[in-house]
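Listed in Swiss-Prot for this protein:
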type: BINDING; residues: GLN162, LYS336, ARG365, SER366, LYS387; note: (2R)-2-phosphoglycerate binding site
type: ACT_SITE; residues: GLU204; note: active site, proton donor
type: BINDING; residues: ASP241, GLU284, ASP311; note: Mg(2+) binding site
type: ACT_SITE; residues: LYS336; note: active site, proton acceptor
Amino acid sequence: MSMIEEIYAREIFDSRGNPTVEVELYTESGAYGFARVPSGASTGVHEALELRDGEDRFGGKGVRKACSKVNEEIGPNLVGMDVTFQSAIDRALLELDGTDNKENLGANAMLGVSLAAARASAEFLGLPLYQVLGGVSSSTLPIPQMNILNGGEHADNNVDIQEFMIMPIRANNFQHAMRMGVEIFHALKNVLKDEGLSTSVGDEGGFAPDLKSNKEALEYIITAIEKVGYKPGEQVMLAIDAAASELYQGDKYHLEGEGKSLTADEMIDLYQDLVENYPIISIEDGLSEDDWEGWKKMTEKFQGKIQLVGDDLFVTNTDRLTRGIKEDIANSILIKLNQIGTVTETLEAIELAKKNGYTSVISHRSGETDDPFIADLAVATNAGQIKTGAPSRMDRVAKYNQLIRISEELYGVSRYPGMGSFYNLEV
């Protein structure tokens with residue numbers, strides 16, 4: 001056994017220069033764990049509450065309150081618990097908070113402790129983090145969804161769709177997938193430069209130029225893929241995140257960059273047009289988080305053909321996912337640790353999805369740190385897909401580098417699933 005001896009939290013900064021929580025956990029055995037908590041820009045209204053100070057400093061975004069919750073409430077209550085009992089630690093956190101949305105302790109405080117405990121457990125047991133989280137069957141390296149062109153809330157430009165991603169589905173292994181993605185990323189930079197467009201990057205490391213339309217973004221990406229000798233639709237597929245909740249106001253979806261206001265039916269028609277003309281295999285948050293009727297129609301339209309990922313729709317919450325399953329809405333869930341606040345609840349959401357034929361996409365947040373925890377989580381759960389930005393900015397690359405290290409550890413036993421990740425599609 002390895003008993004928790006001390007837990008300490010401090011205020012640090014994320015990739016956007018906003019305060020966030022760092023937690024360090026010490027045990028009597030000497031095993032140590034840490035965590036650096038991410039935060040989102042386009043956040044779902046149903047996410048667990050992130051505790052912020054609301055004072056003048058840092059525009060109200062300070063996290064001293066969250067750190068105090070760790071240092072003065074959580075820590076003293078968890079001292080003496082066995083760090084290898086993750087579910088017991090997370091249950092204690094939930095009981096201590098006592099609310100449905102973590103508004104007492106804050107999901108950022110709770111998650112920091114939960115992640116740090118998992119790491120300390122791995123160190124004590126002398127096992128890789130991914131094996132502690134998932135067991136000896138953890139061996140699948142994920143397809144990266146690389147967000148190489150940014151819009152929406154992730155960029156200061158006129159592009160409405162928030163993320164345009166590439167997926168190297170025909171790579172031989174994870175390292176090969178990284179090579180393909182990196183080569184396409186650099187080719188896209190040259191394509192944009194040749195057109196006299198900006199090559200500055202957005203929150204997630206992708207380029208963020210002003211463009212005439214969302215289709216133009218896809219055209220530039222197709223050009224970049226072909227420039228380095230890969231075949232769109234065969235070796236590389238595309239994915240988009242519309243983050244439609246950010247576009248939704250007054251029963252319409254407002255695409256300001258294109259000067260359009262669309263109904264849910266018209267948004268579905270827009271996606272149909274994109275899917276027919278570009279090799280798009282995955283659409284995330286195509287409609288607003290509470291537009292269940294619209295989501296039902298979209299699922300009926302694309303079921304079995306396109307991966308329909310619920311991010312703001314499901315917020316890594318088993319209650320909302322259960323409703324989606326019962327109503328046959330979407331076919332995939334985006335997994336963000338800080339949407340729910342504990343490792344155990346996150347694993348439960350992934351397991352529920354898997355049992356009901358939904359895929360899981362492990363995801364970062366736009367406000368990231370250099371903590372690569374989600375890389376281990378992706379392998380632990382054999383999710384088959386990870387979304388952690390472009391291959392630029394160390395807050396993104398840290399996750400890719402960790403996956404490279406894991407792939408070396410699992411040499412000879414790991415698998416890169418390719419199209420097998422879309423096991424619920426007719427492809």
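Cβ coordinates are placed from backbone N, Cα and C, and glycine is handled just like the others.
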Can you figure out which of GLN162, GLU204, LYS336, ARG365 (the recorded positions) comes closest in space to GLU284 (Mg(2+) binding site), comparing Cα atoms?
GLN162
Give me the Cα-Cα distance between LYS336 ((2R)-2-phosphoglycerate binding site) and the residue listed as 'active site, proton donor', rounded to a whole Å.
15
Excluding near sequence neighbours, so keeping only residues 6 or more apart in the same chain, what lies with its CB under 8 A of ASP241 (Mg(2+) binding site)?
ASN147, ILE161, GLN162, GLU163, MET165, ILE283, GLU284, ASP285, VAL309, ASP311
Return the member of ARG365, SER366, LYS387 nearest to GLU204 (active site, proton donor) in space, with distance defined Cα to Cα and candidates limited to these binding-site residues.
SER366
All-chain count of other Cβ atoms within 10 Å of GLU204 (active site, proton donor):
32
Do you know which of the binding-site residues GLU284, ASP311 has the most other C-beta atoms within 10 angstroms of its C-beta?
ASP311
List the other residues in this chain whose Cβ sits within 8 Å of the Cβ centroid of the Mg(2+) site residues ASP241, GLU284, ASP311, in sequence order.
GLN162, GLU163, ALA242, ALA243, ILE283, ASP285, VAL309, ASP312, LEU334, LYS387
Pick out which of the binding-site residues LYS336, ARG365, LYS387 has the most other Cβ atoms within 10 Å of its own Cβ.
LYS387
With (2R)-2-phosphoglycerate as the bound species and GLN162, LYS336, ARG365, SER366, LYS387 as its recorded binding residues, calculate the greatest Cα-Cα distance and give it in Å as a whole number.
17
